[in-house]
Each structure stands twice: as structure tokens, then as C-alpha cells.
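S.K.: Can you keep this structure in mind? I'll have questions shortly.
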């Protein structure tokens, strides 16, 4: 079976939900994007899809703390998880957001990959490591994007990339680390390739149905 390259430029918004219980049916394939509030997550989604306003940014913590679903095509979805790490948000709200993130990452069966975005100058903060740990515990592969890579000179960028690649080895998971920059389009091809790989992993339960109808 040949692999399909998806056209992320046609991605469109579907719905928002406060937690996993308000999401659409747990079917198809989803890849989630997670990151601290200032990691450049919205910019990465907008760059990937070539749509400036697809993932809206908010200057006010709490305004965008929903799980946002975008559809590439039927059954193929990108999921924008709530940004984490707002310093000025009350502890109770932080715990609520983290609970919603944890439930999604560990209970959503159609989740096939997690993209964690981190500022290349400040990678692997506590909550970043928690995201990775949650994913590894349930066998979900992870792509770590070190954002704002254009802020560092080439040598410093490579040094940070190598440092993070070594630092994630103890997680014992399927973790790929790449440099990324939305303005300079660094790493966009690597992101697209990884998404195509994950989205081409057809859920086993779909295969018999396709085979049965192939000869009709």
C-alpha cells in the first residue's frame, strides 16, 4: 500500500471542547500539538497549514484553554491542546488544564502521535517532560520541535539539538527531535513527513471493511 501525502493547506476548524468528554467520537486518526503558552504552537500550526488565522493566539491566559480540533480530511485530524505554563494563572485552573491534557493523552484511543513544541533556548521544562512521559507511558510516539530555531546561530542550534536528543534517551520512548522555525520555515518538511507517517497508520479495524468492499 502506497503512503499518502496529505495536503495540510486545506485543514479547517471543526470544534472546541473543554475536555475529552466533550470531543467527537474516538475514531479516525488524531495527532496532537502541545506546548507551553509561549512556545510558538499556534504559529507552527498556521505555518504547517499555510493559514495565518487557523490557530488563533490569545494574549489573555484562559481565553484559549480548550481542546481545538482541525480536520485535514475526513477522519484525519490535528488537535491543538491547551497551552500550559502560564505563570499568572491560579493553581486550581492550572490543575484543571493539566488534568484535561493528561486525560486526552492517556485515554484518547485515536491519538497516534504527539508533537511537543519547546523554545529551543528553554527546552524540557517540567511540564514538557510530563507531556512526554504521559505519551511514552501509553506507547504514543513523540516529535519534539525546538521552536524559534532562527533565534540561534547555526552552531548553537546544533548544540541544543544534540543536547535535547541525548536528554530524552532515558524516557525510553519513540521520540524524534528536530529544530523548527515558523518565520524561516525550518523543519516544516520534517513535521509534514512525520504527520504523513502517523496518518498513514490505518487503524486495524478499518482494514477488513476496506477489503470487503474492494471487490464490490
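Each position is counted from 1, following the chain as shown.
Just so you know, glycine gets a Cβ as well, placed from its N, Cα and C.
Keep in mind that this is a model prediction, so the values were computed, not measured.
Pulled these features from Swiss-Prot for this protein:
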type: DOMAIN; residues: 27-201; note: domain 'EngB-type G'
type: BINDING; residues: 35-42, 62-66, 80-83, 147-150, 180-182; note: GTP binding site
type: BINDING; residues: 42, 64; note: Mg(2+) binding site
S.K.: Could you tell me which three-state DSSP class residue 148 (GTP binding site) falls into?
M.R.: coil
S.K.: For residue 42 (Mg(2+) binding site), identify the closest of the binding-site residues 35, 66, 180, judging by Cα separation.
M.R.: 35
S.K.: For residue 35 (GTP binding site), name the DSSP secondary structure in the helix/strand/coil scheme.
M.R.: strand
S.K.: Looking only at the domain 'EngB-type G' (27-201), report the model's average pLDDT.
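M.R.: That region's mean pLDDT is 92.
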S.K.: Would you mind ranking the binding-site residues 35, 82 by how many other Cβ atoms sit within 10 Å of each Cβ and giving me the lowest?
M.R.: 82
S.K.: In the structure shown, with every protein chain counted, which of the binding-site residues 38, 42 has the densest set of Cβ atoms within 10 angstroms of its Cβ?
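M.R.: Within the set of binding-site residues, the most crowded position is 42.
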S.K.: Ten-angstrom check, please: count other Cβ atoms within 10 Å of the Cβ of residue 148 (GTP binding site), all chains counted.
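M.R.: By my count, 23.
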S.K.: Let me know how many other Cβ atoms fall within 10 Å of the Cβ of residue 180 (GTP binding site).
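M.R.: Other Cβ atoms found within 10 Å: 28.
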